[in-house]
Each structure stands twice: as C-alpha cells, then as structure tokens.
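What follows is a short report on a single structure.
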Amino acid sequence: MTNSSMFCPIYRDLEPFTYFFYLVYLIGIIGSCFATWAFIQKSTNHRCVSIYLINLLTADFLLTLALPVKIVVDLGVAPWKLRIFHCQVTACLIYINMYLSIIFLAFVSIDRCLQLVHSCKIYRIQEPGFAKMISAVVWLMVLLIMVPNMVIPIKNIKEKSNVGCMEFKREFGKNWHLLTNFICVAIFLNFSAIILISNFLVIRQLYRNRDNANYPSVKSALLNILLVTASYIICFVPYHAVRIPYTLSQTEVISDCSTRIALFKAKEATLLLAVSNLCFDPILYYHLSKAFRLKVTETFASPQKMKAREEKPRRENDVQSTGSAC
C-alpha cells in the first residue's frame, strides 16, 4: 500500500449523504411494501411485463436490506464486524439490485416495443413461460458475476476509521473486482442501447399512427415511455459516467489524493441517484401494471369515484401497460 493511499482521507464526511440515503430508503420501503401488497391482492394473468416488474420488485427488496447497513456504516457508528459485513455482502447487494434493475427495465422496453410495433405477431420472447425462463437466467448471470465478491477471502487488517472496502481485498479479490466493474459497464452499455432503440421504435410507431382510431391511448403510451427512459437516465447514466474513473482510483492507477477524494464523492452522489430507482419503481408499477393501478385506485379513490369507475365500460385493453400479446 502506498503512502498516498495510506494517508489520503477519502472516506470522510459521508454524513450528508446518509440523510439522503435514508430518505430514499424510507420512501422506497413504503412503495415496495405497497407494491407487494397490490400484486398479491390483485391476481394477475402473468403477462410478460408483470413478470418483469415482479422481478424488479424482488430486486428492490435486496436494496432495502442493504441500505440500512450502508447508512449505519457511513455514519461511522457501525462496529468493525458490521463494516466488514457491509464490504463483503451488503455493498454487493446494492450492485446486484442495480444491474437487475437495468436488465429488467430493458426487457420491459423490449416487450412494449413488440406489443406496439409488431402487434399482429406474437414472438416467443412475449410468452409468459419464456419471460419466466429469461428472468431466471438473468438472476443466475448477475449472481455469478457478483457473488464471488462476497466469498473471496479477505485480509485481516487493523481496525481504523478511514478504511475503504478495497483495503480488505487480497490481490485476487482486487482483480475480480476490477473485472466485475468492466463486465457491469458492458452490461450497462448493451442494455442502454436496447432501451434507447426499443423506445425510439415505439415513439416512431406511435407518431406514424397518431391519427389512427385504434390508438386512443397514444399520450398514455408516450408518457410510459418517457417515464421508463427518464428514470433510467436519471438513475443509472451519471453513476456509470463516474464508475470507470473511480475504479481506476481504487486500483491506484489514479493516485493523486485530491482527485481520488473528488471521484469518491462523485461516486457516492451518483450512487445516491442510482439507488433512487427504489423511489421511481412504484411509479413505473402504477403506469405499467393494471393490477397495481387498480389496487391504488381502490385504496385511495373515494367511494363515489369507485362507483363511477365500475359503471364505466371498459374502452381500453391496457395499452399503457403491456398490450395484448402476453
């Protein structure tokens, strides 16, 4: 370990971030619990989007398990063993959630694209059985990438206040961490391209059919696309703009102390945006899942509005959620 890394106070002054992480956690746990209750109460016919959203919700619960530990550690009040546990386990859970969220948002975009652009044809990818299979493959892939960071043996170091997770790693652990980061950036870039291309094709199709009587819900569909795209960009793009430079500072390719401190603070700020997907996801559930939307309406609408809603004939087939294929 070099003198620069030994005496560079990188991991100080994290308390301001913890308040925002706590706010995200509080909003997110309420939204996730309500979403779970809504999906359980309202039986769904397991359309593709519903399957992907349920997987997204499951990933969000991993994040709700990890955030309290991160908050306690960053406040500097965690015992030494909890700090080690955070570096080995809960920090990895945060990234498992992040990349599962990215991948399942991409599958939501693909499904909506096929529903609207190729509405007369059903592809295998649109079948519920295939959606369940691909979801299992996604979980397995992400876990195979991330779990080694949890189980690779770590070093025993003397207890101190200003310590980062990389300092616990042996040489093989550092190399695997570096490899994991580059794999995750590749996942981000590939699935970002999928989301952007899918949404572009949907917008183009909606624009071409803007005067068609069969497209009465164009505005709602566009709103859904904008929600998915905006939440994706806000949550995940800033973090990945910082991730590679920050990883290089962890491996001391970037050794200047002030630069390393700035990159760490930028990483924490953009990680805060990334975990804020925990707050955005319930909004996506509302717009993309009919079961969730109906349960929210039943819970918060007045009896008069509910009665009027029940008397109102169904004029749409949930264009804004998944379409008709699955």
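The backbone N, Cα and C atoms fix where each Cβ goes, and this holds for glycine too.
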Go through the topological domain entries in Swiss-Prot and note whether Thr18 and Arg243 share a side of the membrane. yes
The disulfide recorded in Swiss-Prot for Cys165 goes to which of Cys87, Cys92, Cys235? Cys87
Suppose we draw a 10 Å sphere around the Cβ of Cys87 (disulfide bond). How many other Cβ atoms does it contain, all chains included? 21
Cβ atoms other than its own within 10 Å of the Cβ of Cys165 (disulfide bond), all chains, total 20
Under 8 Å between C-beta atoms and at least six residues away from its ends: which parts of the chain pack against the transmembrane segment (90-110)? 48-49, 52-53, 55-56, 59-60, 62-63, 65-67, 69-70, 125, 131, 134-135, 138-139, 142-143, 145-147, 149-150, 165, 184, 187-188, 191-192, 194-195, 198-199, 202, 228, 231-232, 235-236, 239, 271, 274-275, 277, 281, 284, 288
Three-state composition of the topological domain 'Extracellular' (243-268), taking helix and strand from DSSP: 20 helix, 0 strand, 6 coil
Near the transmembrane segment (269-289), which residues from the same chain, at least 6 beyond its ends, have a CB less than 8 A from one of its CBs? 17, 20-21, 24-25, 27-29, 31-32, 34-35, 38-39, 44, 49-50, 53, 56-57, 60, 63-64, 67, 94, 97-98, 101, 108, 220, 223-224, 227-228, 231, 234-236, 238-239, 241-242, 296, 320-322
